[in-house]
């Protein structure tokens, strides 16, 4: 039976977030609602989740020694990775020593690295994926592009939010794609994945929750990506019963292999009734921000319930809903937002401003959420709400 102690006492139940961005912030808020003591880590000061945490630390989480020092000092009950760039070998050792890594050190290690998760899905589990190859030098990269064929997609094996990703549309793009991937990779030592182009009708995120009573699925989330990063999402995305069943079967298979309790964002391509696996994140997914308005339990609430071993008897859908990101371009440490009166004038609209302390170039600074009588109306309402928010630098 779960017992939650008193914060700032010897009985406190502590959750430590490795990553303090906007998704971590929502997890921290859900943890606060249940009386947990929240510690947030990130590589920069005043990150969004730090603003609602009880304590925070600034460090590179790729520094295993520094990460271990904080974890041994805090002795958290739950260690929850919220980003990919973490010293996963250190987490694996800490798990062996008795610390609780969410959902598991194995899941964190494999999904941090596109090579690990792709080999697990395609080679170990036999799940349909796009054609792929890996390369860690320019010569092998050029050969892999030739073998996979053009057009193809190039991604660093370790990156997020579209960093380093590009599409090779002709041989003239090969050099620039290689160099762009090298700039965008975090800790992958220059290695990239080359993926064959997939002919698909649409792509979805299937939020999959592994909890003490089994596995639950949220309604499919459709989304639009630009430059490898999410711009809009909506729920539910219409799918045939056959496609939904295939998607859930694949999601169940991959999440069972990763193990542990928590929410997973499983990304899938759909062509007619055929489902092709793309990626999986063992944590809340950015496209799942729409669940803040579309469901009675958001993806963040579901993640926390699963982590704590609490019941998830059902997930109630409120109706057609959408999200649209607020994505300004500028340079400032004193960003100001206006236009909220216009952004929120329609019923069933919400705004989340993430509280990021700095913008340097283009950065996701918030999201508009909307609900309506149809997906199309919800998307338009969310877009209009996001566009109404003005950003001054």
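Each Cβ is built from the backbone N, Cα and C atoms, and glycine gets one as well.
Keep in mind that this is a model prediction, so the values were computed, not measured.
Pulled from Swiss-Prot:
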type    : residues                                                        : note
BINDING : 22, 23, 82, 286, 356, 363, 364                                  : N(1)-(5-phospho-beta-D-ribosyl)glycinamide binding site
BINDING : 114, 155, 160, 161, 162, 163, 164, 165, 195, 196, 197, 198, 203 : ATP binding site
DOMAIN  : 119-308                                                         : domain 'ATP-grasp'
BINDING : 267, 279                                                        : Mg(2+) binding site
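Straight-line distance linking the Cα atoms of residue 114 (ATP binding site) and residue 279 (Mg(2+) binding site), rounded to a whole number, equals 8 Å. For residue 195 (ATP binding site), the nearest of the binding-site residues by C-alpha distance turns out to be 267; the candidates were 22, 82, 267, 286, 364. Ranked by Cα separation from residue 356 (N(1)-(5-phospho-beta-D-ribosyl)glycinamide binding site), the binding-site residues 164, 197, 203, 267 are led by 164. Listed in sequence order, the residues of the same chain lying 6 or more apart from residue 22 (N(1)-(5-phospho-beta-D-ribosyl)glycinamide binding site) and placing their CB within less than 8 Å of its CB are 48, 289, 352, 354, 356, 364, 367.
Each residue contributes its Cα atom, and for residue 286 (N(1)-(5-phospho-beta-D-ribosyl)glycinamide binding site) and residue 203 (ATP binding site) these two points are 14 Å apart. Model confidence over the domain 'ATP-grasp' (119-308) is summarised by a mean pLDDT of 94. Annotation for residue 197 (ATP binding site): same-chain Cβ neighbours under 8 Å, separated by at least 6 residues, are 130, 151, 152, 153. Residue 23 (N(1)-(5-phospho-beta-D-ribosyl)glycinamide binding site) sits 17 Å from residue 267 (Mg(2+) binding site), taking the Cα positions as reference.
Between the binding-site residues 114, 356, 363, 364, 114 has the most other Cβ atoms inside 10 Å of its own Cβ, all protein chains included.
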